[in-house]
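Undergrad: Handing you a structure now.
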Amino acid sequence: MTHQTHAYHMVNPSPWPLTGALSALLMTSGLAMWFHFNSVTLLTLGLTTNMLTMYQWWRDIIRESTFQGHHTPTVQKGLRYGMILFIISEVLFFTGFFWAFYHSSLAPTPELGGCWPPTGISPLNPLEVPLLNTSVLLASGVSITWAHHSLMEGNRNHMLQALFITIALGVYFTLLQASEYYEAPFTISDGIYGSTFFVATGFHGLHVIIGSTFLIVCFFRQLKFHFTSNHHFGFEAAAWYWHFVDVVWLFLYVSIYWWGS
């Protein structure tokens, strides 16, 4: 093994950025094929490639951070900056969706009947499933904070319990959202209301699924004693991401479900 006189991690050549880019191309093309031609072959191929890429890329990172010891405090600091920038980019994504929603709703065009919601649209009741979803996500925010505090205090059992509760609440939220979509009296093709509603809430739902997957990985890593009270960036990143998902939902609830109805 060569002697290293700096704190940085010199990453080995990896195929995963290439396969990740390929999977993104397949997924976006597959989504267009699904919407226009009702064919899910390309989308399924893209999702499969994406899942395999993520699994193997994260496996490599976990190996580098644990067994190979490449994640020095300096490297961890760089990863933290990276996660913060990633969350900022996600904020800008949602800013675009909120912009589209408010641009359409604050000054409805004559084609929409000059009113919001547009003529013929029956909006969902914000005091039913959406309010329950809000409670579920707020509760999950409390449980992820409990998990973080338990980890800092070295209480492994409480950390696992809190993490399991957070994952269960995330899955419950996803199931509630799926049932709401199934029963909604409008679709994504119902003009600007359907488009902005399903794109904004659907993109958020995708983030909940990604966040739940992130937390499930952390749960299994904690079972294998990967985290300590002073070295647990993987969990910290998952917690930051989950709080971001939480805050975005509050804005979605107030804007689209409550004010927009």
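Including glycine, each Cβ sits where the backbone N, Cα and C put it.
OK, Swiss-Prot features for this one:
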TOPO_DOM  1-15  topological domain 'Mitochondrial matrix'
TRANSMEM  16-34  transmembrane segment
TOPO_DOM  35-40  topological domain 'Mitochondrial intermembrane'
TRANSMEM  41-66  transmembrane segment
TOPO_DOM  67-72  topological domain 'Mitochondrial matrix'
TRANSMEM  73-105  transmembrane segment
TOPO_DOM  106-128  topological domain 'Mitochondrial intermembrane'
TRANSMEM  129-152  transmembrane segment
TRANSMEM  156-183  transmembrane segment
TOPO_DOM  184-190  topological domain 'Mitochondrial intermembrane'
TRANSMEM  191-223  transmembrane segment
TOPO_DOM  224-232  topological domain 'Mitochondrial matrix'
TRANSMEM  233-256  transmembrane segment
TOPO_DOM  257-261  topological domain 'Mitochondrial intermembrane'
Undergrad: Counting only residues 6+ away from its ends, which parts of the chain sit with a Cβ under 8 Å from the topological domain 'Mitochondrial matrix' (1-15)?
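TA: Residues 57, 60, 64, 70-75 contact the topological domain 'Mitochondrial matrix' (1-15) from elsewhere in the chain.
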Undergrad: For the topological domain 'Mitochondrial matrix' (1-15), how many residues does DSSP put in helix, in strand and in coil?
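TA: Going by DSSP assignments, the topological domain 'Mitochondrial matrix' (1-15) contains 0 helix, 0 strand, 15 coil.
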Undergrad: Counting only pairs 6 or more apart in sequence, are there at least 3 Cβ pairs under 8 Å between the transmembrane segment (233-256) and the transmembrane segment (16-34)?
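TA: Per Cβ check, the transmembrane segment (233-256) does not touch the transmembrane segment (16-34).
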Undergrad: Relative to the transmembrane segment (129-152), which of 16-34, 41-66, 73-105, 191-223 accounts for the most Cβ pairs at distances under 8 Å?
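TA: The listed stretch sharing the most Cβ pairs with the transmembrane segment (129-152) is 191-223.
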Undergrad: So what's near the transmembrane segment (16-34) in sequence-distant terms, Cβ-Cβ under 8 Å and 6+ beyond its ends?
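TA: Residues packing against the transmembrane segment (16-34) from afar: 40-47, 49-50, 52-54, 56-57, 60.
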